[in-house]
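These come from TrEMBL:
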| type | residues | note |
| --- | --- | --- |
| DOMAIN | 15-262 | domain 'Nodulin-like' |
| TRANSMEM | 16-42 | transmembrane segment |
| TRANSMEM | 62-88 | transmembrane segment |
| TRANSMEM | 108-127 | transmembrane segment |
| TRANSMEM | 148-168 | transmembrane segment |
| TRANSMEM | 174-199 | transmembrane segment |
| TRANSMEM | 211-233 | transmembrane segment |
| TRANSMEM | 245-266 | transmembrane segment |
| REGION | 275-317 | region 'Disordered' |
| DOMAIN | 357-526 | domain 'NFD4 C-terminal' |
| TRANSMEM | 396-418 | transmembrane segment |
| TRANSMEM | 430-451 | transmembrane segment |
| TRANSMEM | 457-477 | transmembrane segment |
| TRANSMEM | 489-509 | transmembrane segment |
| TRANSMEM | 554-576 | transmembrane segment |
Amino acid sequence: MGKLGDRLRAFSTNRWLVFVAAMWLQSMAGIGYLFGAISPVVKAALGYNQRQVAALGVAKDLGDCVGFFAGSLSAVLPSWAMLLIGAAQNFLGYGWLWLIVTRQVPPLPLWMMCVLIFVGTNGETYFNTTALVTCIQNFPKSRGPIVGIMKGFAGLSSAILTQLYAVMHTPDHATLVFMVAVGPSLVAIGLMFIIRPVGGHRQVRPSDKNSFLFIYTICLLLASYLVGVMLVQDFMELSDNMVNFLTVILLILLILPIAIPVTLTLSSKAQHPTEEALLSEPSKGETSTSQEKEDQPEVILSEVEEEKPKDIDSLPPSERRKRIAELQTKLVQAAARGGVRIRRQPHRGENFTLMQALVKADFWLIWFSLLLGSGSGLTVIDNLGQMSQSVGFNDAHIFVSLTSIWNFLGRVGGGYFSEIIVREHTYPRHIALAIAQILMAVGHFLFAMAWPGTMYIGTFLVGLGYGAHWAIVPAAVSELFGVKHFGAMYNFLTVANPAGSLVFSGLIASNLYDSEAEKQAQQHHMTALQSPRLLHNMGLLADGPLKCEGSVCFFVSSLIMSAFCLVGAGLSLIIVQRTKRVYTHLYRSVRT
């Protein structure tokens, strides 16, 4: 009995169990990616035009990305409390939205609807923060794979929820809103005592590489399976029993990773895990505290910069180093007497605070590159319902689900391949991001052309590129600016998402869509003035939701986003050029 108890305790504190539970949480946490399927329901129920839908989309993006409060609370609250707050916000926001859409409560003004969407989606930030922080603490030496897989499953959640919605066999699209309100909240409450730090840095095993390989295999199987299921459901009419069978297979694939902690716990071999350094400790190949001295042989304290004579920079290098060394000696002696406080400005590769990072050009280049790439991708995700309907597709669910799958593969693949780039070639991760942004530019161009089949190809390219942003950028920021204040910097970076969505969706795409819809309404009015009832049925009267039909609806906005993705790729290449030497210092010892 005692042996069984030891096994159960070992299982409950296994870091792989926490990781698998976090994967399950993240598979329900990406509720924002379902907005493309929810927005047509809200638009039809409340009679909104595209500008009003875009306002809701911006509120969703703000709720999804503004995680300063969640980041601050994560430092003082336990994991279970964080998940409980997130579940409450998710249920309150989307539960109320469901009541409004189903007309069980009266509709609210647009600004209050935006508040509801913000509150409901903001619960996702508590799920993401808890999962990422906990797993990075438990796997401090595997940041790239951990971030990629965690963010990947968040991107896959819309496909999973859509498949679960198909099992209900209901024509009521408002049921999808109900699922968004209830599903993530129940999963978070069910896992809130499992997802926690368990001292994972003391559980390193030689089998960890195989465990990650198994997880990657499950990811590929899951993505391939969902793609096949969605395409079959789109082109064939499946029976209810077949849909149920396909959903059971999906659930089995999601459960399979639990085999890792079970196998490790039941293993009969006496394994002695090794310990790996905590994130706060500098480790070989992970941080750079002195390697940049090749570029700057002497360590220049901030006080030296303030106190040194103006003509010292014009001296020969040897004399300059000598004079600076003398000045540093005096400052250190003064510090020992309490006369001055020594502060040293960090170099790239060391731990920056957010304020120190905000004055660095590299940080802003990363931010603007992220804004252009992820902002344009998020605009497509938010408007997939209208984009697909404008070119003749009646059901947007297939494209929302496919984009979720490509988003998932982009995140997992972005983390995996960028890790190969930095570890095997000692080259900056942003070269992978530049490639992803070029692919997105091609995808936006295909959306503009609206050729047969381009909706499928466009969603593939844009979803893949968008997902890669959220695996590559967080890992790159942790490398260039350290991990000590990574939470604050990550939450600041995420603001680029709603900022980009505000520009591309709120200001460009929605206004151009409504403008074209008004032109088409006027044309129909001129040709069918004698039949206002027909116009009303078509949704083209001023008092109803305007509808735009044809490739012209998103032609100009897609071309604009394509051009800006190329600009983002150019910014990424500038980052590559500026940080090549830093990555050589960071990963040279790992490669050798």
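Each Cβ is built from the backbone N, Cα and C atoms, and glycine gets one as well.
Fair warning: this is a prediction, and the values are worked out from it, not measured in the lab.
Highest Cβ contact count with the transmembrane segment (245-266) among the listed stretches 16-42, 211-233, 457-477, 489-509 falls to 211-233 (criterion: pairs under 8 Å). Listed as Cβ neighbours of the transmembrane segment (62-88) (distance under 8 Å, sequence separation of 6 or more from its ends, same chain) are residues 25, 32, 117-130, 133-134, 184-186, 188-189, 191-193, 195-197, 487-488, 490-491, 494-498. The stretches the transmembrane segment (174-199) and the transmembrane segment (211-233) do not meet in space: the count of Cβ pairs below 8 angstroms, excluding pairs fewer than 6 apart in sequence, stays at fewer than three. Away from its own ends, the transmembrane segment (457-477) comes close to residues 143-144, 147-148, 151-152, 155, 363, 366, 370, 373-374, 376-378, 380-381, 384, 399, 402-415, 418-419, 428-430, 432-433, 436-437, 439-440, 442-444, 446-447, 486, 489-490, 493, 565 of its chain (Cβ-Cβ under 8 Å, at least six residues beyond either end). When each of 16-42, 108-127, 148-168, 211-233, 554-576 is scored by its Cβ pairs under 8 Å to the transmembrane segment (489-509), the top-ranked stretch turns out to be 554-576. If one looks beyond the transmembrane segment (211-233) by at least 6 residues along the same chain, the residues whose Cβ comes under 8 Å of a Cβ in the stretch are 16, 23, 142, 145, 149, 152, 156, 159-160, 163, 166, 243, 246, 249-250, 253-254, 256-257, 259-260, 398, 401-402, 405, 408-409, 412, 416. Among the recorded stretches 108-127, 396-418, 554-576, the one sharing the largest number of Cβ pairs closer than 8 Å with the transmembrane segment (16-42) is 396-418.
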